[in-house]
Each structure stands twice: as C-alpha cells, then as structure tokens.
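The L-threonine binding site annotation in TrEMBL covers T36, H68, R123, A143, S183. Taken from TrEMBL, the feature ATP binding site applies to R59, N63, T119, S145, S153, R197, Y233. Taken from TrEMBL, the feature domain 'YrdC-like' covers 14-201.
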Amino acid sequence: MAARMTAKIVTPTPDVLARAADVLRTGGLVAMPTETVYGLACDAANPEAVAGLYEAKGRPHFNPLIAHVASQAMAEREAVFTPLARKAAEAFWPGPLTMVLAVAATGQTCDLARSGLDTIALRRPAHPVAQALLDAFGGPLVAPSANRSGHVSPTTPEHVRSDLADKVAYILDGGPCARGIESTIVAFTGETPMLLRAGALETAEIEAVLGLTLARPGGGSGITAPGQLKSHYAPRATLRLDAATPMSGEGYLGFGDHCPLEGNLSPSGNLAEAAANLFAMLRAFDLRYERIAVAPIPRTGLGEAINDRLARAAHRD
Ligand code: TXA
Ligand code: MG
C-alpha cells in the first residue's frame, strides 16, 4: 500500500466496493458510513492492518475495537452468544447495539484488535453501505469512529476527510449519519447484562426486550469499559453545559425553546434530531468559538447518550 494517499470521497458503486474490499485484503484502511457515525475499517484478522489503524487514529493501543459483522452466522463464529445476547441480536440487529461477549474458539479477530482481552465487542451495522462492504470483504471488519483520537466522531464524509485525509484509500460516501451518535454497548459477560456506553439505542428499549434492568459500571463492581476516557470527545473550545442563556463571547448551541441565532440541535426539542446534529454542530462551533455554551438537554431516552458525550466534550484534565 502506498505510504501517502489523498483520500477521495467516493460513491460506493459495486465496482468501488470491490476495490475497497481489495484494499482491506491487502491490509489497508477504508472509511465507511454506518447509521451511527463513520467508521475507519480494516481486516479484523490482520494484526498489521490493525496496528496501522491505531497509528492512523493516533489511538492508545490498550483501547479495544468493535468488530463489525455481516450476519448472525459471522457473529457466532467470533463470539459465544448467551441466550440473552441472542435475544438482543434478534431484536436489535442489524442496528446500533454493540455486544461484548466471550471470544469463540473459531474467532478470527486478532488479539491486538481486542487488546488481548478474552472478550470481543461485536456489532452488525444497519447501514446498507457498511453491509455491502462487509459482504464484499467476507469477514469481520474492526472499525473505530473515523476521527483522530480525541476528536469528535465524524457524521459526514467531509468530517472524515478533514481528520484522516492522507491515511485512507477510500471514504465511502453514505451521506450524513442518520443516528449521529455511537452505538450503545452492553456486556453480556456477567450475571446481569451491563450498560458500558449509553448510545444510539435507548437503554429503555433494551431493558424492555430483555425484561430486566441493565447493570451499570461502578454499581459496586468497579468494572468500566476500557477506553471510556473522560476527555474522549474533546473539541478545542471549552464547553459550558446546562446553560439557560449564553454569556457574552460564547457560541450558544440551543435545544428546543432555548433558541439561539446560530444553531439549535433541535428547535422542536426532538432528542433523535439532536443526536443526529450533535457532532456536526460541535465541529462547526469549534471552528468559530473559543467558548461554547450548550442549552440544557433532558436526560431521558437518547438524552442519556447526548449528555454523556457533552460531559466528555466538556471535561478537562
Ligand atoms: O457506533 C459505533 O459503535 C462506532 C461505529 C463506527 O460502529 N464505533 C465506535 O468505535 O464508536 P470506538 O472504537 O470509537 O468505540 C469502541 C468502544 C470503546 O469504548 C472500547 O473501549 C469498547 O468499545 N470496547 C471494545 N471492545 C471491548 C471489550 N472487549 N470490552 C469492553 N469494551 C470494549
Ligand atoms: Mg470513537
């Protein structure tokens, strides 16, 4: 693979997908749209490719990756499904749920991608372009969000290009991501399934299907998701949250009736719309302001994940 490339944003025709799959087979990187955020994909079974992916992102090696699969059959080769995990897969896959499960003996995902853990994070994405790439490649693809480590996750192909232009062969154009916020991560490795990351699938929906209350990290167990760094989503600007009104000099990111002139995550107060707009608006405001105030967002439903990402974006060490 060439050491330096200039990534093109390309329409994913069958021909382009076949060439992108060839790039993946030779250890290269391809940016693909998913319904949550854009992912930076490589062959999950190839440790050299995974090392190159970590390097491109500037990501610490201890942070394990999500393996994306094309089908339930591919998922079952990678991980051991408990009855509850299978129930969740039937209800929510393909979709924005990542499940942490015990690694199967037949698994192809390399140790480096899992940071040497005996568990694996799996997701079957719903986006047709991600599915088409997985089908063309024929095996699991690990894909973290396609941003430089520490930056806000990309929800458009242009975001990917501005972060990783010379690192990827192709940026497959799937338009803006419908969900706009990363997948919900649930671990099925303990007695009770545990919510490791609030995300695009509402916690209450999972609890309704499983008929139980998810355990939470810190609930006495001391377990947390590796790589859930507090400052993971930091923009350059400082953030002030739950701001009813802006102070002078601040950019103001509104929500519902808290209505500024420049930008509102959702004028109608719709949390799904706010999630879809969150990262793009944070990026745009970050270019224009040193300080950003954000209107209060309800903590119910998708507001849980939105407030989680905002708290991380606001955190300074
Ligand atoms: O929506 C998404 O999940 C996007 C799209 C591209 O699929 N991907 C994404 O990946 O957000 P990333 O790498 O930014 O976040 C993966 C998270 C990290 O917090 C990591 O620590 C956690 O998954 N993770 C991966 N393997 C794990 C494991 N075995 N146990 C616990 N957490 C794990
Ligand atoms: Mg990320």
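Just so it is clear, glycine is given a Cβ too, placed from its N, Cα and C backbone atoms.
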* **Pairwise Cα distance maximum in Å, L-threonine-binding residues per record: T36, H68, R123, A143, S183** => 13
* To do: Express the predicted model's confidence over the domain 'YrdC-like' (14-201) as a mean pLDDT, rounded to an integer.
  => 95
* Between H68 (L-threonine binding site) and R197 (ATP binding site), find the distance joining the two CA atoms and give it rounded to the nearest Å. => 17
* Taking just the CA atoms, what is the gap between T36 (L-threonine binding site) and S153 (ATP binding site) in Å? -> 10
* Output: those binding-site residues from T36, R59, N63 whose CB lies less than 6 Å from an atom of ligand 1, in sequence order; none if no residue fits. => T36, N63
* Asked: How many neighbouring Cβ atoms, not counting its own, are there within 10 Å of the Cβ of S145 (ATP binding site)?
  -> 27
* To do: Could you measure between R197 (ATP binding site) and S183 (L-threonine binding site) for me? Cα positions, answer in whole angstrom.
  => 8
* Residues within 8 Å of the T36, H68, R123, A143, S183 Cβ centre (excluding the L-threonine site residues themselves) -> T34, G39, I66, P96, T98, P125, A130, E182
